[in-house]
Amino acid sequence: MKYFLWSAVTIFAIVNVVGAKNSDFDPRCLRACTAIYRPVCGFDGKQYRIFASECVMAFENCNLLLKSQKAFQKTLMSFCQVEEDFDSDFCPEVCPLLYKPVCGSYGDIKKIFPNECELKRANCKFGEAWEKINMDICRNISFKSELIDPKKKCLKPCNLNWDPICAFDGEKYFTFGNRCDMEIQTCLRSEKNWTLIRKGEC
């Protein structure tokens, strides 16, 4: 999960040829994109989706158009938060930088998520089973008990560099955008910490 605090930073671009290792994409769409994480929100008329950058969205749109499918149009990042009326099969790769807390229940554990997208991502990406419940329930629980407030305990500034690392939780491997992102996700999880396996994608 990525909670980046926007700041004015100078980052040197690293060129990455998008699609070069993926045989599912048409070679006519290969392009050099910087490996800097600057997310944009796209909408294809049915679903919202977050792309790592405008360049990556353009690359995927190229492949969609060659297959006579509808391309994504750039829209406001705030639209990419997962709402209840979204497609239930949609699993966000990254969530918007929005603090609109929701209360989640996982068995006897209650936990505050920064937004509904993060709750959904915990379920579909990490195999958890959080259920959204009334926010008052989380507010009424003492923070000294099992309640976790990620805004206070887990969120911290992360840079926008795409410096992927491969992590393992004992069951599955997962690629995080950088080490800071992995540390936040480990903090937010109620079970099974992520362990760094190596630098680079899994």
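Any Cβ shown, glycine's included, is placed from N, Cα and C.
Swiss-Prot lists a disulfide bond between C103 and one candidate from C55, C62, C138; that candidate is C138. Looking at C29, C91, C95, C117, the record from Swiss-Prot puts C62 in a disulfide bond with C29. Only one of C154, C180, C187, C202 is recorded by Swiss-Prot as the disulfide partner of C166: C202. For C91, the disulfide partner named by Swiss-Prot from the candidate list C80, C117, C124 is C124. For C33, the disulfide partner named by Swiss-Prot among C41, C55 is C55. The Cβ neighbour count for C180 (disulfide bond), using a 10 Å radius and every protein chain shown, is 19. Helix, strand and coil counts from DSSP across the domain 'Kazal-like 1' (23-77) read 17 helix, 16 strand, 22 coil. Per Cα geometry, C166 is the residue among the recorded positions C103, C124, N140, C166 nearest to C33 (disulfide bond).
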